[in-house]
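In what follows, a structure is listed as structure tokens, so that the remarks can point back to it.
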Protein chains: 2
Amino acid sequence: MKVIKFGGSSVASAEQLKKVLAIVKDDPKRRFVVVSAPGKRHDEDKKVTDLLIAYYEKVSSNQDTTPLIEEIAARYGSNAQELGLDASVCEAFTAELKALQENFNEENPYDLDSFLATGENLNAQLIAAYFQNEGLKARYINPKELGIIVSDEPHNARILEESYDKIYQWRETEEILVIPGFFGYTKNDELCTFSRGGSDITGSIVAAGVKADIYENFTDVDGIFAATPKYVHEPALIEQLTYREMRELSYAGFTVFHDEALMPSFKAKIPVVIKNTNNPSCTGTLIKEAYDRENPNRVVGVASDSGFCSITINKYLLNREVGFVRRVLQILEELNISFEHMPSGIDTISLILRESQLTPELEQTLLNEINERICPDDLEIEHDISVIALVGEGMKFHTGITAESSAALARKNINLRMISQGADERSIIFAIQGEQERLAVRSLYYTFFD
Amino acid sequence: MKVIKFGGSSVASAEQLKKVLAIVKDDPKRRFVVVSAPGKRHDEDKKVTDLLIAYYEKVSSNQDTTPLIEEIAARYGSNAQELGLDASVCEAFTAELKALQENFNEENPYDLDSFLATGENLNAQLIAAYFQNEGLKARYINPKELGIIVSDEPHNARILEESYDKIYQWRETEEILVIPGFFGYTKNDELCTFSRGGSDITGSIVAAGVKADIYENFTDVDGIFAATPKYVHEPALIEQLTYREMRELSYAGFTVFHDEALMPSFKAKIPVVIKNTNNPSCTGTLIKEAYDRENPNRVVGVASDSGFCSITINKYLLNREVGFVRRVLQILEELNISFEHMPSGIDTISLILRESQLTPELEQTLLNEINERICPDDLEIEHDISVIALVGEGMKFHTGITAESSAALARKNINLRMISQGADERSIIFAIQGEQERLAVRSLYYTFFD
């Protein structure tokens, strides 16, 4: 049995919903259908969730909401009409939208969540009605009924472990269940949305709960590519990778979806496949716990992310001082700054961290604190650093990946600000100047994929 | 004006002392001569300092000391005789040795230092007498008179800053001053020896104090080699390197002398040259603050050290947790364990540390503490790791060193447990399995020196 999830662009228009129906019909194992709110139908379009945020803001500030309610309802109404559904479906939706305003209470921290979740919730109802109308034995199910119980953290909920047993009860259900993504309910029955990952995380939770054979994640791309199309023309599609490889690629800037959203499936060892609603015959990218074959590819992908900076601290005999680095990290912690890497030489360490954490004032405070409390011989900060990750479980079975990759970068005169390869040998991480990121990704891609 | 220092083997026998005289005479700028205690004259010989330790132990345990006093005095006596000195010189030495026993006080923590320092002190007196006898205007000077003032730490003294001004007063002296290495005096006039570095550190302090043009450090090798002769047959002599390069090579196992001993000269920016008493026409190895030429060698040397272990901690999203690594290092600090490197991947960090710090019990405590307080997904320790450092200031001007060096290691099927190159780009550090250390050093050496 399969859990299948459709992203925002896959459920944005009647035309897309017809593809969704065809995909669900195509395989009787597709029994749990998780849906997003309607996304953009074209580049200038608005996502329904963004309209709902605007609606919430108008309600909060006591402005006229009629045009927005009409605009949102019309998004569902036009789809319903094109799909041949009864007009009454959408009248109910308008009533639900109005109820949000009627029940609004500035003091209630969960109120925003109810607005946000309405995009998914109405879409699931519409899609269930459409499936029924097309003769499928399907029904809408509310996450509360399904058993998605979350922590008491408005707009930032985490799934509670007890949910999985509750969801498991639905494993043998005869109907196709259409589930709105993105939210659950607290133990006190407050609707609460997840911090990120939208319907991806709901699909992932449901797949883990019902112990699905596979979690099919339908998006608007064919799968995961070995490099970003932003830098590489028609990059190779990755046919298979492991959770760990996925995680490492995501970390370094891959944005197909947020990898944390897949954690519930990863933990339950449910395979995940990324597929394209607009090209369902493409096999997509399969993500599993481990490779079936013995000799995985040396490198599955190259990812990059910009916006790092590097702080270098030189101090003679620093490694002789027990606690030296700990004291540096204490300063970071006091300033609530996290770091990504800490390459070290002899008498020198560098900290690579995300620049977005630093305001100019905070940067100055950080440097002052290090100077005063650590008394380095030398302290430097370098901005606009990019981090490139070369990822592949197969690395540990092949010597020479470091050599080949650093040679590729050297040929393009790319200077390494840092290179780090840890003991797990699943990735090599390079830090370079930001302006060389594109060149670096290209040269690594063409070294390992050609 | 030059400060010149002779190591133990250079001042062990009359034959060697004749070479010392010739070297001092050869250049009138050699005005401050720092000498060690007599070292071994052949492989089975004993160092005088070791005899003095044995003497101290016999005195402490109330055993017969006569044969030892005779043995030590004879070491000086036979040299004096061969050099044509008056026998009275050595009678005074016997009296000095006996005085140590007479003044012995178990309660005095500085007593061992007086025993230890006697090897250098008598040798300086003997050499001064020899120089005078050969017509040089030379005299012995006691470190107290010279102004070497140290901290109150028996066998572990550090130089006090005020010493340098006092030593500077001797800059214009007309005589050649013969200075015993290895000790100074506290503000309370207690004789106190340095923790390590012996006469190297005294020479370095004197050179900094008198602002010498150069500090000539005479040993029994031609200089510093680009790799250890233990692994490489007739390695290339390094003609010039920087303090930093010297430091980085020393860190990773070079043992010509302890690099910390040269710090006073390094800080005062006095050039240091390592030369061979037995081959003084060889230009040796010059160590300076920076290169004169614009384009230094890419790599000056490759060094290695064994006896490390690597602890790898995997935890999902660890870099999201502010303070994660700080908490790991806190545990190390509480157990008084220092670490050398911390390569990081995504969701993983490794700590590379010197194995000698861990007993089996301490290792278990460390792992238990990490497990309990950090709750990693996975924790592993790997023993018998060697660290190889490839060093060269020129690296920052050449891309591709990382590629060339890792390719050299890959060709020999050497798997990298870690590779780290920090922002200063003066060295690349590889961690490998201990059994591959020799192979790794050889393959790197023959890649960059041929």
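Using N, Cα and C of the backbone, Cβ positions are placed for all residues, glycine too.
Annotation comment: TrEMBL describes B:2-276 as domain 'Aspartate/glutamate/uridylate kinase'. The ATP binding site annotation in TrEMBL covers B:K5, B:F6, B:G7, B:G8, B:T219, B:D220. According to TrEMBL, the feature substrate binding site maps to B:T49, B:E120. Residues or ranges marked as domain 'Aspartokinase ACT' in TrEMBL: B:388-448.
Report note: the ATP site is defined by B:K5, B:F6, B:G7, B:G8, B:T219, B:D220, and the residues of the same chain whose CB lies within 8 Å of the CB centroid of those residues, excluding them, are B:S9, B:S10, B:V11, B:S36, B:G39, B:S199, B:N217, B:F218, B:T277. Pairwise Cα distances among B:K5, B:F6, B:G7, B:G8, B:T219, B:D220, which the record gives as the binders of ATP, peak at 12 Å.
Among the listed binding-site residues, namely B:K5, B:G7, B:T219, the Cβ with the most fellow Cβ atoms inside 10 Å is that of B:K5. When the binding-site residues B:E120, B:D220 are compared by the number of other CB atoms within 10 angstroms of each CB, B:D220 has the fewest. Spatially close to B:G8 (ATP binding site) yet at least six residues away along the chain are B:S36, B:A37, B:P38, B:G39, B:K40, B:K47, B:T49, B:G198, judged by Cβ distances under 8 angstroms. In this structure the C-alpha atoms belonging to B:T219 (ATP binding site) and B:E120 (substrate binding site) are separated by 16 Å. When other Cβ atoms within 10 Å of the Cβ of B:F6 (ATP binding site) are tallied across all protein chains shown, the result is 30. B:E120 (substrate binding site) and B:K5 (ATP binding site) are 12 Å apart (CA-CA, integer value).
Cβ neighbour count for B:T49 (substrate binding site): 22 (other Cβ atoms within 10 Å of its Cβ, all protein chains included). Per DSSP, the secondary structure of the domain 'Aspartokinase ACT' (B:388-448) breaks down as 31 helix, 15 strand, 15 coil. Recorded residues B:G7 (ATP binding site) and B:E120 (substrate binding site) have their alpha carbons 10 Å apart, per Cα-Cα distance.
Secondary structure from DSSP puts B:K5 (ATP binding site) in a beta strand.
Taking CA atoms as the reference points, B:D220 (ATP binding site) and B:E120 (substrate binding site) are 18 Å apart.
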